[in-house]
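Step one of this worksheet: look at the structure below.
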Amino acid sequence: MSRVYNFSAGPAAIPEEVLFTVRDELLDWHGIGMSIAEVSHRGEEFIGVAEEAERDLRELLAVPESYHILFLQGGSRLQFAMVPMNLLANHKKAVYIDSGVWSNLAIREAKNYCDPHLATNAKELNYTGIPDQATWDMPNEAAYFYYVDNETVNGIEFPFIPDTDLTLVCDMSSNLLSRPFDVSRYGLIFACAQKNMGLAGLTIVIVHDDLLKRSPLPTTPSYLQYALHAKERSFINTPPTFAWYLAGLIFKWVKNQGGVAVLAERNQRKAAKLYKFIDKSNFFDNPINPTYRSRMNVIFRLADERLNSLFLKEATENGLANLKGHRLLGGMRASIYNAMTEEGVDALINFMGQFEKRHG
């Protein structure tokens, strides 16, 4: 069986080396006669897996000891509510940036708990970039400052960390582990796993200890309180054990690749060559301001959108899967997360070039 190049936005491609390990260990994990999916979450086997995964992630991202790393059930959308529930405390206001689909959904959810103050709105630029930081409307006081580092639907990525004295909260669901960054600049970071860390159903939260002291809103269920999850080391109930195990394997894979910095260089090369091809083409187009182009999700359109179905059909026939754009924007989207190889991007560029010659 030959595997295709999977450009899905999520659930996304998983490194083949990791899949081979899962295959080899699935029936009999480390000689115990059981799958890791079958063992007790409180048994020594899984506790060892969980602790090693946390150590590896802390090492990869240089997470200070003053932060807890939580492995939680649910997707990132649950965090849209958990963040204000846990961090508002006595504040009535929180600051948000509207940079695209996912930040907009977070803002809508936050309205159930507070008055979200928009520092800036990329809608002014038709979501093709971020307004200059000098123009942002920044209040002196607010519970936190929230932004999405990479908008998977819109193809926008922040090339910088926003400059603010407020507690910085960031959704890094689609680019965590794709480049180094200074964790200490943030109060809280969260990321669902199905982009760069494995399976849907697991979300990783990195939260500063000081924020765990904030009193959650009175209506916050105990299960949605960060402090309780931290106290119980993410074992309030049965966690998503297999997803946690797989994330741990991916952390090992990242280390074996040379670490996050090595992957960052590779990701930059992949994105640069794809954007270079699109920019030179008279048939394909990317509307995003080059400064804010995502390294993870490359959106593009065909000059003749009547050819969209044919493009997708022929791409699939050539082993290039899941290139259809998000239903809200249409067009095409190539998601080139950590697991996507440079060979995969080269194959896509070659196919796009051949398609343009035939139909351009």
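Cβ atoms here come from the backbone N, Cα and C positions, even for glycine.
For Arg42 (L-glutamate binding site), applying a Cβ distance below 8 Å and a minimum sequence separation of six or more within one chain yields Phe235. What Swiss-Prot records for Arg42 is L-glutamate binding site, and it gives sequence analysis as the kind of evidence.
Sequence annotations record features per position, and here Swiss-Prot assigns pyridoxal 5'-phosphate binding site to Trp102, Thr152, Asp171, Gln194, Asn237, Thr238 based on sequence analysis. A coil conformation is recorded for Gln194 (pyridoxal 5'-phosphate binding site) in the three-state DSSP classification, outside any helix or strand.
For Lys195, the entry in Swiss-Prot reads N6-(pyridoxal phosphate)lysine, with the evidence type sequence analysis.
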**Report entry** Pairwise Cα distance for Thr238 (pyridoxal 5'-phosphate binding site)/Lys195 (N6-(pyridoxal phosphate)lysine) [Å, integer]
**Finding:** 23
Query - Asn237 (pyridoxal 5'-phosphate binding site) and Lys195 (N6-(pyridoxal phosphate)lysine), distance between Cα atoms, whole Å - result: 25
**Report entry** Those residues of the chain, 6+ apart, with a Cβ under 8 Å from that of Thr152 (pyridoxal 5'-phosphate binding site)
**Finding:** Ala9, Gly10, Val101, Trp102, Ser173, Ser174, Lys195, Ser294, Met296, Asn297, His326, Ser335
Query raised in the report: Which is it, of Gln194, Asn237: the one of these binding-site residues whose Cβ has the most other Cβ atoms within 10 Å?
Result: Gln194
Report task. Reduce the DSSP letter at Trp102 (pyridoxal 5'-phosphate binding site) to three states and note it down. Result -> helix
